[in-house]
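Encoded as structure tokens, the structure appears first; notes follow it.
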Amino acid sequence: MSIEERVKKIIVDQLGVKAEDVKPEASFIEDLGADSLDTVELVMALEEEFDIEIPDEEAEKITTVQSAIDYVAKANA
């Protein structure tokens, strides 16, 4: 599975949304119905899946599907 596929799977699992709704431009809060707790849990799941640490100031910038994919890809580069 690619990084993009793994990130999307985590989003589907964490937020309970349909895979077809997880588009690159989708906002976790506005488009996928997440709240602040959901976004914290999502960041923790990304950290665990990819064995990375995402500082709070960086986590605040991860607001869309694409921003999560980009961050993880950069962290794994």
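The backbone N, Cα and C atoms fix where each Cβ goes, glycine too.
According to Swiss-Prot, the feature domain 'Carrier' maps to 1-76. Summarising the annotation, Swiss-Prot assigns O-(pantetheine 4'-phosphoryl)serine to S36.
Residues of the domain 'Carrier' (1-76) grouped by DSSP class, helix first, strand second and coil last, total 46 helix, 2 strand, 28 coil.
Within the same chain, no residue at least 6 positions away from S36 (O-(pantetheine 4'-phosphoryl)serine) has a Cβ under 8 Å from its Cβ.
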